[in-house]
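Quick look at what Swiss-Prot annotates:
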- Gly43, Glu44, Asn45, Gly46, Ala47, Gly48, Lys49, Ser50: ATP binding site (BINDING)
- 11-251: domain 'ABC transporter 1' (DOMAIN)
- 263-507: domain 'ABC transporter 2' (DOMAIN)
Amino acid sequence: MSRSESSRPLLEMRRISKTFPAVRALDNVSLTVYPGEIHSLMGENGAGKSTLMKILSGAYRADAGGEILIDGERIDVDGPLAARDAGVAVIYQELCLAPNLTVAENIYVGRELRRGNRRWGTIDRAAMARGCEDVLARLGAPFGPDTLVGTLSIAEQQLVEIARAVHTRARILVMDEPTTPLSSRETEHLFGLIRQLREEGLAIIYISHRMAEIYELSDRVSVLRDGSYVGTLERESLSAERLVAMMVGRDISGFYKKEHAPYDPGHLLLSVRDIADAERVRGCSLDLHAGEVLGIAGLVGAGRTELARLIFGAEPRTRGDVKLGDRAFGAHSPRDAIDAGLVYLTEDRKRQGLFLDMSVRDNINISVCNRDARLGALDLARGAQRARDAIASLSIRVPNANVNVGALSGGNQQKVLLSRLLETKPRVLILDEPTRGVDIGAKSEIYRIINELARAGVGVIVISSELPEIIGVADRVLVMREGEIAGELGGHTHTPITQEAIIALATGSQAELADAH
């Protein structure tokens, strides 16, 4: 059931503002959503998307002067229970499930069925299991109501959240970056469920940074910028240029444009031969040249991150040789690699890269603080100047260098981590999912930095699951499948770098590769 021009809005958020101490997170924002509509919400990190949805879900109270209407009736969302009773459900990036409880217990949480006395009676688990069988079957769940949630995959746990929303008779479902932890196949299955819910009349508010998802799913797209409403586009009016301009307030032309000179094939920086580990990487070889951006693509589980960590010395290798320039490089630890001029930006910046409870200044300086030591004491002034220079050079949006990194947006956190690596003056830089979880503006700035590094003669390896990104920034692309290099595109092969060619190599579909040419 898609929206018709004559249908009445299901949700109207009018003149919504929210002020925190010294920060106005939302300023007079309005949003209208119809039944049977997938309405995407876009904006850079910090634009106000999450704050607006937390007001809708009852987690925050809006400032005075705004109102929320459902089916034309004004409602007072004074907490999460009020939102649930009004038919609003939210599925956050961090799933809100109890792993030690069953599927049925998670679906009924806060609404448990009891024997006898509804308040004090014992929980009737059998009745709850029976009560959610229909919704699980309706959503095609491959598990039963008595399954422990902790035994399910992330995609299956997400399905439990959707089942809970449907079971509570939610009419408005908010999904915040739901595909971030999913494989391509799991993402397609999720899209099928979202379309099914739309056909059943639910209003879906879909938050994502991924343009391909926005194009594939959206009936309309609304954009926020700096806490204000910018505008709404109908599906037929969508274009990357218009969306990006609305989000960042400026035109980002040549989003993936290669702005560095062709690399020098005679200047080899990194040579890897027959490298392997005990489990995931099975004899991989590659070359990286000065000024080259080398992309590594492949499906989830193909071994891309494992290969990068082997080269970096973060994991032990069972065989293989690595050379930096003309010298053998036997890194036994990341410290060895950094000292030799090879650095690695992890895909998991929060757990493996940043010190979230430390300042921006300390995060930037931590890899090179030994340079500032004088008679055993750190030169704090030099470290502070280095941090200020990095903030200016990488356009890190932060009030000052003393702010904790944990308080920054994803894009600014990524730039802090990248600036730390660049302070080591690397010859080779490995970037693992460098734009994951960052907004459009930050992506553009990261691409600019990659181009600048290549122009300066640094060799850059980019591992990414976003095919347009790989195609746009890389001079050559290696495609991995099941721990091996399945093929090479671009460069001396003269094989065009296309999505079809990458997918064909990643899946082993040689017939599809032939069709691409």
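Quick reminder: no glycine exception, Cβ is built from N, Cα and C everywhere.
Distribution of Swiss-Prot features across the structure.
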| residue | record | CB count, 10 Å |
| --- | --- | --- |
| Gly43 | ATP binding site | 28 |
| Glu44 | ATP binding site | 24 |
| Gly46 | ATP binding site | 22 |
| Ala47 | ATP binding site | 25 |
| Gly48 | ATP binding site | 25 |
| Lys49 | ATP binding site | 25 |
| Ser50 | ATP binding site | 20 |
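When pLDDT values are averaged over the domain 'ABC transporter 2' (263-507), the model yields 85.
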